[in-house]
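Participant: Provided herewith is a single structure, encoded as structure tokens, for subsequent inquiry.
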Amino acid sequence: TENTRVCVDKLPCSICVTRSNSIFKFLGYFDDFDRFYTLQSTENGSVEFQGLSNSVIKEDGNDWVVFSSLHSNRLRLKKSKFPIGRSIWQNDTKDVSLTLTHCDLYNEFTCDDGKCITISRKCDGSNDCGDASDENYCNNYESAEYDINMSPGSAMGSYVPLEVFLNVTTLGEIKAKDPTTSIDAFVVTMWEDLRLIATNYDLEPRVLDGNNIWTPKFNVIAGNLTGMISDIQYTQETCRMYSYFFIPNYNNPITGTEANVTKVACESRIRFPVSCSFHLERYPFDRQQCTV
């Protein structure tokens, strides 16, 4: 509503009204605090977040702290910032990026300030978060120790099928004086690469930079398995990843989800020369053959 919009825009706090049964998720790299909290009011009129097991997030002077009844470890949020949204929390040794959110992890994105927007508005080229954070986390995947020179099968110690679809679109001019021609073709290749972890939940396939991932390279041989190898000219290449089965990953402070990429598909437009062996004795009633 318009009133809700004004509240989000004008107040430094992103919470105006929330249901008493709202569940808040605490996302980020830690393993000693609760992941789920409810918002509770205290006797002095302030609020705190009560974990479903043993943790509490509450004010401590000008800071916010999260602590547990099971151990003495603490995380602290300084500068009086309300803990909703994505913030830098501090412990004794390092700073960590954590997110406290009530957004739906599968249908909404949590802005840095805690506002929820629909997932389709994330990385769409428009600043939908008040702090423009929806355009800051647009890398579609992450990978650990990824070697673009190593195929998925070699990296995983297994065999990975490669699907190839070739459609010849144009046959170049053939000249008798120069027994060669060129072929323009459209090639689609598909394979699995489980080293890639999708970081953005979206039902639409996301475009990948083919220079940053392993992609198959092809040779064209002028003949049946033997013959001169022709150079391939790539005139255009677009790669996409398809990943529809997302699972929770509460260590991810950006989305709280992840998915192994189920398919990578690259669409390439290529051009390559082809040698022909012409027999012109019956010209113009002849039929010539060029072998690839």
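Think of each number as a place in line: the chain as shown, counted from 1.
From the backbone N, Cα and C atoms, a Cβ is placed for every residue, glycine too.
Below are the features I grabbed from TrEMBL:
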DISULFID  Cys111-Cys129  disulfide bond
DISULFID  Cys123-Cys138  disulfide bond
DOMAIN    145-291  domain 'Neurotransmitter-gated ion-channel ligand-binding'
Participant: Pop the mean pLDDT for the domain 'Neurotransmitter-gated ion-channel ligand-binding' (145-291) in here, whole number is fine.
Facilitator: 79
Participant: Using a 10 Å radius around each Cβ and counting other Cβ atoms from all shown chains, which of the disulfide-bonded residues Cys123, Cys138 yields the largest count?
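Facilitator: Answer by Cβ density within 10 Å: Cys123.
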Participant: Near Cys111 (disulfide bond), how many other Cβ atoms are within 10 Å of its Cβ?
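Facilitator: For Cys111 (disulfide bond), the count of other Cβ atoms within 10 Å is 25.
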Participant: Do you know offhand how many angstrom separate Cys129 (disulfide bond) and Cys123 (disulfide bond) by C-alpha?
Facilitator: 11
Participant: Write out how many residues of the domain 'Neurotransmitter-gated ion-channel ligand-binding' (145-291) are helix, how many strand and how many coil, based on DSSP.
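Facilitator: Counting residues by DSSP class gives 5 helix, 63 strand, 79 coil.
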